[in-house]
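Visitor: Supplied in C-alpha cells, the structure appears directly below.
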Amino acid sequence: MFVPWQLGTITRHRDELQKLLAASLLPEHPEESLGNPIMTQIHQSLQPSSPCRVCQLLFSLVRDSSTPMGFFEDYACLCFFCLYAPHCWTSTMAAAADLCEIMHLHFPEEEATYGLFGPGRLMGIDLQLHFFVQKCFKTTAAEKILGISNLQFLKSEFIRGMLTGTITCNFCFKTSWPRTDKEEATGPTPCCQITDTTTAPASGIPELARATFCGASRPTKPSLLPALIDIWSTSSELLDEPRPRLIASDMSELKSVVASHDPFFSPPLQADTSQGPCLMHPTLGLRYKNGTASVCLLCECLAAHPEAPKALQTLQCEVMGHIENNVKLVDRIAFVLDNPFAMPYVSDPLLRELIRGCTPQEIHKHLFCDPLCALNAKVVSEDVLFRLPREQEYKKLRASAAAGQLLDANTLFDCEVVQTLVFLFKGLQNARVGKTTSLDIIRELTAQLKRHRLDLAHPSQTSHLYA
C-alpha cells in the first residue's frame, strides 16, 4: 500500500528526479536567463492567467471512467501529507518522488509517466504551486474562492519577483490587500480556522489521523537527511566546508553519508553549481546574509527527520532558560551549543551534528525571527510525515481523504492571510520592492503575527538582518 514521504521512494525514482533537479538549477551566467527555456517556463507558470500544470496533468488522466479508485486514494493521501508538511525544498522533493510513484502505480503505460519532469513538463515551481502555495487540492466553500484567488495572485506576483529580482512598479499593496485592520483583534481569528487551544485535540491533528499515526509504539520511517545532504553537497556551496560549528569528526560523519554511494545527482556543466537546485525552494535562489542562507537547513530538517520538530522546540526552550541575565539570544545559542554534549535529547547523531553545525545566526533566524520558519514549525506534524500507519485505520484515512473530508484545512494552523503575508515578506528580502510597499507589508504582517500569537522578532529587523 502506498505511503508517502519515504526515502525508498526517492531512491527508486532517481532517474526521473534527476531530470527535475537538473531543471531546478539556475543558468551558469545570469545574463543567459532571458532566453533560457527553463526560466521562461517558470516565469510563465507564475503568471496569474496560467493554468496549474499539475491540475492539467491530473485531469487529463482521470477523464476516463476506468481510472482506478486507488489512484484517487493515493493522490489524496499525498495531498494530506503535504498539508502537514513545511514549505521547503525537501517537501518539494518528497512530493515529486511520491507523484512519480503514484503515476507508475496507476498509469504505467502512459507516456507522461516516463517524462514527468523537465522543460515542457512539470518543474519544481509547478509542484510548489500545486501542493504548497495554491494547495489546489483543498476543499473550499464557493463563497471563499474569489477571496482566496486574490491572495493567490499576490503570492504568485511576489514569487515571480523573487525570480526576476524586482516587483513591478505598478504594484500597490494598499489597494490590493483585503482590509483586516479594523477587524476585532481579540477572540478567534476571523481570517482562518484556528481552534481554541482549550478545545483542540491533544495532538492537534484530526481524530482519524491520530488513530492512524500516533502512539509511541508506532515505528518511524527512515530520515530523508541523507538525500538532502547528498544532493546539496554535490550541487551547491550550502554545505561546503568549513561549516563554522562542525568539528572534524562531525564533518566526517556527514561525509560518510554522502560518500557511502555514488552521488544521487551530478549537476550539468552549463549550470550554476553554487546555488544548488534552488528553483525547488520557496525563495527560488540561494542567498547569504550575516551568517544565514535563504535555504534554511533547520526548515529542511523539519521535513526530513522525525526528531527535528521536537528537538528544535526543546532547543528553543533551552536557549530561553539557559541564563537568567539579559544575554543576547545569539550569545545564548552559542553558549548552549558550545557544550560538546549539547542536545543529548536527539538520538540521531546526523541530525544533532547538522543542527550543531549551523551558525548561531541561522538558529536565531529559525527559532526567533523568520516568519516562514515560524509558519513551517507551526504546520508540521512529524506523526503524519514519519510514523508508519496502522493498516486498517490508514485504509479509512485514504478513503476519507479521497472524499475530501480531511483536505479542508491543516488543523494545527491554517491561515491564507498569514501565509500570503509571509510570501510577501520573503519577496521583500529577495527582490527590489518600493519603500512604501515594503513598510505597508511589514506593518500588516506584524499585526497578523501578533493576532495569531506568533511571537517573533519584529519583521522589519529580520528583513534587513538575515537572508
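Each Cβ is built from the backbone N, Cα and C atoms, and glycine gets one as well.
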Visitor: In Swiss-Prot, the residues CYS296, CYS299, HIS366 are said to bind Zn(2+) 2. Which of CYS358, CYS373 is said to bind at that same site?
Guide: CYS373
Visitor: In DSSP terms, helix, strand or coil for HIS130 (Zn(2+) 1 binding site)?
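Guide: Looking at the DSSP assignment, HIS130 (Zn(2+) 1 binding site) belongs to a helix.
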Visitor: Given HIS130 (Zn(2+) 1 binding site) and CYS299 (Zn(2+) 2 binding site), what distance in Å do their CA atoms have, once rounded to a whole number?
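Guide: Cα to Cα, HIS130 (Zn(2+) 1 binding site) and CYS299 (Zn(2+) 2 binding site) are separated by 20 Å.
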Visitor: State the count of C-beta atoms found within 10 angstroms of the C-beta of HIS366 (Zn(2+) 2 binding site), not counting that atom itself.
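Guide: A 10 Å sphere around the Cβ of HIS366 (Zn(2+) 2 binding site) contains 27 other Cβ atoms.
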Visitor: Write out, in the order they occur in the sequence, the residues of the chain not among CYS296, CYS299, HIS366, CYS373 that have a C-beta within 8 Å of the mean position of the C-beta atoms of the recorded Zn(2+) 2 site.
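Guide: What remains near the Cβ centre is CYS88, LEU297, LEU298, LEU302, GLU362, LYS365, ASP370, LEU372, ASN376, ALA377.
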Visitor: Note the Cβ centroid of CYS52, CYS55, HIS130, CYS136, the recorded Zn(2+) 1 site, then list each other residue of that chain whose Cβ lies within 8 Å of it, in sequence.
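Guide: Checked against the 8 Å cutoff, the neighbours are ARG53, VAL54, GLN56, LEU58, ASP126, LEU129, GLN134, PHE137.
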